[in-house]
Every structure is written in structure tokens, then in C-alpha cells.
């Protein structure tokens, strides 16, 4: 810091101290805990003891400034000495295993990570054995410093996070940056959308001008009303065109997708909806002003008669133009308000759903209100009607049933639906689902999370975020759910026990060379994972009954073994519940197989489209993978074809807590096993896991834990949090570093596909524009 910055920071810290300390101008332990905002009191007590240099059980301003000066301005050695004192609980000058275990246990609680006691012991021993260089049974300051030198990135910003009152205030940016919307990168990456919007705006201006000039004799208010009316004829039709899902899905497979922004149809639908609302307001206001002028000049009718009666005879159907106009204004206003983000994402999706069905009455009233609207609407209206009839017919064919349900952490309902033979979809597609036992007339959209190559069933993962989704979760949570088959559960339990016995025999057999899976745990993981992908070929081990049985279980070819995967508990059950499915409908993720280097980013339950895509990608990858018959060398054909041009896939999954990883951990484990062999050109699929609730590596409250997790992961070749081989990273991704690394790989044109919160989408999109990556957002 400069002298000015230092003085500014000192003034700010003093002010913060006074607000916390109160009248006595001293901070006690309780006040310190509240200000520090730590979950685990161990760290608050240790920090307090070190800050309280005179042992008075309170911290004065001088003591606080002295400690902060060390943490912010001190050298690496000063910071490390402070960290060592935190770990040295008894003040003996060394850290013994019990002290280290106590600290790591508090680190786990602070990072919201839950691990069994045995795993905590393993973490403690891994870190202790690595740091105790001389095997003396304790860790000295020099040994801790030497251990930390192997983690250089940790020392860059070593501090105490989650305590805003301890941090210096962020300095304001003096440089004025060019607005994002004016940068060349933004215009390059959004060229189709921007050109389309320019054409859309120009067409509206042309329609308005022609209609207004045609009614010049009626005065300025009538000109404005008629101009807006002509724009409404076009927009009320165009807003329907943007929702022709079957047509748009078909167009995504044609050259049109390279010209028109079909992937932005939802955004354009919303924009046109707001345009309809705006034109409606101006149209109504202009007519009111015109009626007011007529009532004053001619005096034949009063203003209220023009607005609320048929006496003036305005309109081509019984003079009802004014009355239908008022009703249309109310309906359109209600639809716009109920379509707002606040309503849709606040757990009241049903309000949006039912209010949006008013579009039927809107069309009827528009036909009655305006003599020319039907000419605009007849063609799109017929196509829309045909789409609806086809959708209803297809959804009621085949007799779809929910055959299995699994209740996952964070109130996610995993539905397994029997897939009809005629139902074909692409990875990342979504469907509308109706479950009569939950709500007879409601249809809700969800992404298909299984791969198209999975022939028998289709998966949906439903996050409980609204009334309908909560009712769905609670319905299957009940102990006495309709359709649960105890006979199937009994048979499944018997087959599961038989298979587990088979596994034990296989691994204890002298003929087993471990080629079926890398170890016993991997084989058990295979059977705990419900088969989702296509046959991956026979195992490489020696033939035999046990090996064939495991291969059948993994491939899903043995009917008697398909249900072994179920967790026989209250959270997993078989059922036979009628449902209807409308779709499938395409999404922007259909472009993934035309990419060369794809980055898939899922935030929370936003992984669902990528679960389907990853399975399909790995299926196509296995089809192109070649193995040398004379040695263990393997490679993947790099010839680009119409099916898949991908050369590299990076999958990034961001979750808030540890339990959320359980949604798809079995799937990700299987994908890792598909890539067990080292590839000469590097891994085709790389996974990156982030847990935002975990503290970062440069936080004093987590540095020991993250070091221990790294060491144990290298030793066991498995992450302690998820069980995957991919190490889970704490905190949020640093997108600049992530994208910079990807750009340096030079695997071809990079396309980024994202599904998750809109706030994060804006951040990722801005970084994509900076690096010149194409950005696609999953949205429906």
C-alpha cells in the first residue's frame, strides 16, 4: 500500500473497530466471534488469544492494528509464524498429531465438509507424515514452512477471510473501462442476434410509419394508435412463432441455425412480449386521448361511452373494439407481470403457468378487436394448433410410466421413466412432463439427464423449487406410496446379495487379474450405478461366469440385474405411476457436437443437460477409440466426421455443498473409468469440481485441510469429498485463469455451454467475449 492508501485503510479499520467495540472501546470474545463470522469457535478462540497480546481477555485498538499489520503488511515468515501459533494449541513450540487432528476437524466444520472419523484420521496422518521430515513425532516451525513451500500459490494472499471488517476497503477503479456492449468482442460474438434485432426494429418502424401515414386525416392521436395497432398485429403473431417448439427444433438441424439466432428464441420471446406490452400501452393511451378529443369536439358521446360501451359502434364485430381493447389491456398486463423473473423464480411457477394460458383468450379477443389481425395470425395459428394436436397425441401414446424414483440430497427427485420405442431425442433436449397424481392439468419442462443411447428408460432430475416440484418430492417421500412393488424389492434384494457374493468370489479368485475394475471399490461402484450408457464392450479380463455376470450388470443386458442398483431405503423405490411427456425439444446444446473444444459448465442442478451429453460423448468416443492388439497403446481417431468433431471436452461442475455432488457421482465415476488408460495427447474429457462453501486454500482456517486433502488424494488416487479421481477445488473458479489455460491448449475453436443461475451466466459470458469463445446458455 502507498502512504495515502495506508492512511485511508487505518481510518476505515478504526471506524469499524469503534462500531463493534461499543462504549468500552474493547472487543471481547463474543463480539470477536460475531465480527469474525466463523462457523467454528475453535478458530475464533485461537485468533482471539493471539490478538490479545497482553492476556486481558479483550482486544484494544492497538492490539488489533498490530495483528492486522502483521497479516496484511507482514512478510511470509511473519504470516507463517502466526499460522503455526494457531496450530500449536498448547504453545509447546511444536505440533503433535492430536493438535493437528483437532485443527483439521475444525477446518472440516468451517468448510461445511462432512467426512467420517476414519477419513479424518487418514487426513491427519497424511499431512503429519509429509511435514514431519525428521520423524520426531512433532512438526516444528521450520518443517511447517518447508511443507508450505510446496504450495507456492497459497502464500500469495494468506489471510483470514470471511471477516470483512479485517480487510482493507477495495480501492475504486480510476480507469474508466469501455462498456461491454461497445466492445468489438461483444459485437462479434452476438452478431446474429444484433443483426436480427436491427431488422426487427426496422420492420416495426416501417409498419408504424405506413399505418400512421395512412390515417393522417384522423389527427395525430389516431395516427399513433393505428401505427401501434399495426405493430401489434405483427408482434402478437411473431411472439407465437417464437414458441413453435417443434418447428424450431427441426430448424436447429438445418443451415438456418447459422443465420438466425434460434438459440435465443426464449430471450426474443420475452423481448417481443415486452414490446407487445409497450405498444399496447401507447395504443390504448392514444385511443383514450383521441376519444377525449372527439367527446369534446363532437359531443355525440361521452368519454366513458367511447371506452366502455358499444354505442359509438367502433369495431367490426358489434362495435366491441373499445370493450375488447380494455379487456386485452388488462390481460396483457397481467401476463407480463406474472411472467416476471420475480414470480417465476420465487417458487410460484404455477402463477406464471396459469396466467400464461390466457394467450388463448388474447388471440380470440384480438380477432374480435381488430378486423385485420386474423390475416396475420391464420398461418402461424394453424401451425401452432397442429403442433399442439401432435404434441397431445404423441404424449398420450405409448403408455409412459414412472418405474423408479430416487430422492437425492437437496430435495432433488430422480425419476426413471419407461421409454417408448418411438421416442427419440438428442443429448441436452428437454420435455414437458405431466403427472396426473401430482397435478392433472399442469405441464412442466425438465431436461433429460440420460443419454439417447440408453434404450429402455429415460431420466429426469427435478429440483424442488416451487409448488409443483415440492409436491412431487413430498409425494414420493411418503412411506405408503402408491405403486410400490414389495415383490420387486424382495427380488432385487435377493439379486443384490447374490451379486455382492459374486463380487467377493471374483476378487478372491486366483484367476482374477483385476482387469474388470481397478479395484474392489470400483467394481462395487459399477453395480451401485444404474446402467445408463450403451454397451462398452466385454471386459478385458479372462472369460468366466463371474466376469460375464459383472459385464452384463454394467451393460444392463441382464434383465434380472437391472434393478440391483437401487438403494433399498425410503429414498429409493420402484413404482408404476402414469405420466405424459410432450417433446422432445431442442436446446442450444445441440451445437456441442459441431464444436472442437467444448466447455460444459453446470451450476448445481444445472448439470442435468450435461449428464446426458457426457454419456453420449463418451459413447461416441469409445466407438472411435482404437487399441493396438500387440501392446497396451491406445488412441482415439482424430478424423472429423458429421457425428462428432470434438477433440477435447472440459466439464466444470460448481456446487455449494458436499451433498449436491451425490446427484451424479456414480455417473462421473463411470466416465472416469472409461478413461482409465492414459492418452498420448492428454485426456479427452477433463473434469473440474468446485465446492463454493469450502474455504479457499489461502485462508488460514482451511490451508491445513486443503493441504491434507491434496496429499491424501495423491496417495489414494481418489478425492475424499466426492470419491472421484478428480480433486474437488474449494471456492469459486477464477474464470480468467481457467479460460486462459484452455485457450493455451489450442485444441480448436472453443464453445462454452452453460446451465445454471442467470447471475453467473453474465459473468461467464463476459469472460467468453474477452477470450473470443462462443457462449451458449441453456434456457427454456
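Using the three backbone atoms N, Cα and C, a Cβ is placed for every residue, glycine included.
The feature compositional bias 'Pro residues' is assigned by TrEMBL to 532-542.
Outside the domain 'EF-hand' (39-74) by six or more residues, the chain places 1, 10, 13-14, 17, 21, 25-29, 32-33, 82, 85-86, 89, 102-103, 106-107, 109-110, 112, 159-160, 166, 168, 700-701 with a CB less than 8 A from a CB of the stretch. Residues or ranges marked as domain 'EF-hand' by TrEMBL: 39-74 (among others).
What TrEMBL lists as domain 'EF-hand' is 75-110 (among others). Sequence-distant contacts of the domain 'EF-hand' (75-110) (same chain, six or more residues past either end, CB-CB distance under 8 Å): 38-40, 42-43, 46-47, 50, 120-121, 123-125, 127-128, 137-141, 144-145, 148, 155, 158-159, 695, 700-705, 708.
Residues or ranges marked as domain 'EF-hand' by TrEMBL: 119-154 (among others). Cβ atoms under 8 Å from those of the domain 'EF-hand' (119-154) belong to residues 77, 80-81, 83-84, 87, 93-97, 100-101, 104-105, 108, 697-698, 703-712, 715-716, 720 of the same chain, restricted to positions at least 6 beyond its ends.
Among the features that TrEMBL reports, domain 'FAD-binding FR-type' is placed at 395-494.
According to TrEMBL, the feature region 'Disordered' maps to 526-546.
Sequence annotations record features per position, and here TrEMBL assigns transmembrane segment to 194-212 (among others).
Marked as transmembrane segment by TrEMBL: 272-294 (among others).
According to TrEMBL, the feature transmembrane segment maps to 314-337 (among others).
The feature transmembrane segment is assigned by TrEMBL to 358-377 (among others).
For 389-409 (among others), the entry in TrEMBL reads transmembrane segment. For the transmembrane segment (389-409), the list of distant contacts is 246, 415-418, 420-423, 432, 434-435, 457, 461, 473, 476-477, 563, 566-567, 570-583, 659-660, 662-663: same-chain residues at least six beyond its ends, Cβ to Cβ under 8 Å.
Cβ atoms under 8 Å from those of the transmembrane segment (598-621) belong to residues 412, 427-430, 446-454, 459-461, 463, 532-534, 587, 589, 592, 636, 643-644, 646, 648-656, 660, 663-664, 667, 671, 674, 684-685, 742, 750-757, 760, 764, 773, 778 of the same chain, restricted to positions at least 6 beyond its ends. The transmembrane segment annotation in TrEMBL covers 598-621 (among others).
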